[in-house]
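According to TrEMBL, the domain 'Cationic amino acid transporter C-terminal' annotation covers 451-501. Annotation source TrEMBL lists transmembrane segment at 63-82, 94-114, 120-141, 148-168, 188-208, 220-239, 305-330, 336-356, 387-407, 419-441, 453-473, 479-498 (among others).
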Amino acid sequence: MASRIWKAITRKKKFEGDSHLDTNLRRCLGLMDITFLALGQMMGAGIYVLTGTVVRNQAGPSIVFSFILAGIAALLSAFSYAEFGARFPRAGSAYTYTYIGFGELWAFIPGGFFSTYPDVLSFILICLCACVIAIGSRVSANVNTSFVVLNILVIIIVIISGMCYADFNNWTGTTSDGRSNFFPYGVTGTLTGAATCFFSYIGFEVLATAGEEVKSPHRTIPVATFLSIGVIMTLYILVSSTLTLMVPYDQVHTTAPFAEAFDARGCTVVKYIISIGALVGLTNNLVTGVFALPRSVYAMADDGLLFGWLAHVNSYTKVPLNAIVIFTLINAVEFLSIGTLFAYSFVSASVLVLRYQSAPIDGDEKRMDGGGELSSWIPARNFWESLPSGTSISLAVGALIASFFWLSFTFRTGFYESWYGQMSIGLNGLCIVLIMAFILGHTQNSLKTNFKVPCVPFLPCLSLLVNVFMMSYLTTATWIRLFVWMGVGLLIYFAYGIRHSKEAKRLTTIADIRMSSTFPNKNNRIPKT
């Protein structure tokens, strides 16, 4: 019984040939459409609200570096999303990618995180957004593009108008108590600000969620991913520079920084323009949120892990109408921050797993390359290679994540200040080095795709480290919400999903079960020459 359950929860999704391109949805979105979708999700609170809080309480003018560091951290995760988006352009984003890399149960976890808006006004606004989304992907993309263009125009007006009042004395010199005007809270404040600013970049994963509705997805998704992050990082740097040059950091308003800054200068017209931009930006967040979540629900239902009627696609609009209606009614429009970080971590880890498994040569699945083979210097090499394909690298990635959590909580709790805490860090560092060496002892496969994450395994591992540290600094209440939703998700999975999985129906023979990893069994590999 235990063996059957283990095989069920670890079975992986497999696409035969070009089946990953088959879809019931309409492929109608181009490069600009999905780039603006990502921008629409990332604009809004990050510019109009978050900036003031970080400047006043955490970083001061050095928020410019906070946004740069946060953008780099987001880029690390974006590399992994771009590779998966190019290889498997399917709805579901992190859910689908984790299903491919780790298995069914693990995929279910990042597929169900959302939070609610309890107030009536927000609910009405969400319903209106859902009506637009339900009409069709083409219409919703056009509406979103209009919002994004309007928002960018507002931001340009703010930057140009604000720079007319720029005072570089706000960036230079020291305060009365001897602190740097640019780094009033020190480097620590800049890093804390970067951790906060990171969440303003959350949203690029909507590109992967729309994978089944994108034209030429193998090329378009990677390009749109980096284009959207590049544009939003530039805008964040420019607007934060404008604000801190206009107003001394200790006079910045925390909830309406730009409106108050221009009001103090007597620029009433610009103040009202900013108010319009804030409303448009926050509405944009709702539009893209309502667009994204039902696609993830559709992907899970289409795989049989959620109720089948949630996978119904309207024959006229070609959108998952039932999923849109139901998840609008329960007010689920926005992924939790910790859930998103979990999803980012799963995707980065999945890249590592897939890179170190055998792949078909020239698309011929009867001939496999040497991906996943271990170097001769690896201890107990015969044992590791006797395990099912991908097991050794999966265990290594799991151990690496555990080590990262160990390291991050050592700093989070202040344990590192004691001598035994420092010994713990040294031991932890040794474990990380050994695990990395074990990963490097595996051979990468030779599969060719339109885009691949560079510097594997180092870049995905760095992304994992950044995500784990950010999760460790979230509040206890956030962790409690995480475990509550995980409990709900696991209950649904074991009560319904595990018995209705389409992947389980596909694996009908013992031979199929043995082939249930992402690529066929390593026994079919072509030996190295």
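Placement of Cβ uses the backbone N, Cα and C atoms for every residue, glycine included.
When Cβ-Cβ distances below 8 Å are used as the criterion, the transmembrane segment (419-441) is approached by residues 352, 356, 374-375, 377-378, 392-393, 396-397, 399-400, 403-404, 406-407, 410, 457, 461 of the same chain, each at least six residues removed from its ends. When Cβ-Cβ distances below 8 Å are used as the criterion, the transmembrane segment (188-208) is approached by residues 34-35, 37-38, 40-42, 45-47, 50, 53-54, 58-60, 62-63, 65-67, 69-71, 73-74, 78, 81, 84-85, 89, 93-94, 97, 214, 221, 224-225, 228-229, 232-233, 236, 288, 291-292, 335, 337, 340, 343-344, 469-470, 473 of the same chain, each at least six residues removed from its ends. Between the transmembrane segment (336-356) and the transmembrane segment (63-82), the number of CB pairs under 8 angstroms, six or more residues apart, is three or more, so the stretches are in contact. Taken residue by residue, the domain 'Cationic amino acid transporter C-terminal' (451-501) breaks down under DSSP into 40 helix, 0 strand, 11 coil.
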